[in-house]
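Notes follow the structure.
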Amino acid sequence: MANKFPFWAAAISSQQQQPSDPPQQHSLQAPNSRSLLPSRSLTRPAGPTTLGHDLIAAFAEATATPYFIYRLRDAMLASPTGRRILRDRPRITSTSLNLPYLRSLPPGTVGHTYVAWLDREGVSPDTRSAVRYIDDAECAYVMQRYRECHDFYHALTGLPVVREGEVALKAFEFANTLLPMTGLSVFAAATLKRSERRRFGEIYLPWALRNGLRAAEVINMYWEEPLERDVVGS
């Protein structure tokens, strides 16, 4: 990841896929319609889990445009690896990554660490919402790539998918990507138990901000390539 500090190193010390097409479920939105998405996603009751996830995804897309997603796209264009990702447009799915093969890799490799985390947490890379409300096709792919890389960050930091782990990771992502939704998600720390809030403020938040700012742009990591390499050496 360039020559900068690997973002997961602090957490660890303390404790060729084929190109594919961009998301196909994209919905063109009139400017005034898109501007209503944030308020709709915040005020509409979240009912079933899938609906709640869809509303959060829509809010993330609405707040990322027009500036922030272009900034992230430009960061990829400024990086040789980022440009390769934009050219290849790989997708992270259970099929493209060949999860059974990753399970066969030695413990401590990037691929085994990733799939072991998926299995432990009971999650799948196939559950990420498709980008629908970003009109620029390249920027829509950048947002999709950000979503699909999220579980790699979880796996390599060891942060679980409980609220405390999610909020900590969102704080890291905000410091690194500046996407507004990640920053707004940090306010969810107010809903944590008192002991969790204290731990978050004293340990997780400083770690997240320090390493998010210190690390190279994580969007430029071609995760499909170092799967067989040791985590510490990656």
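Note that Cβ sites are derived from N, Cα and C of the backbone, with glycine treated the same way.
For 12-44, the entry in Swiss-Prot reads region 'Disordered'. Residues or ranges marked as compositional bias 'Low complexity' by Swiss-Prot: 13-44. Summarising the annotation, Swiss-Prot assigns Zn(2+) binding site to HIS150, ASP151, HIS154, GLU166.
Those residues of the chain, other than HIS150, ASP151, HIS154, GLU166, with a C-beta within 8 angstroms of the mean position of the Zn(2+) site C-beta atoms are VAL123, PHE152, TYR153, ALA155, LEU159, VAL161, GLY165, LEU169.
In the structure as shown, the Cβ atom of GLU166 (Zn(2+) binding site) sits within 10 Å of 16 other Cβ atoms. Counting every protein chain shown, 18 other Cβ atoms lie within 10 Å of the Cβ of HIS150 (Zn(2+) binding site).
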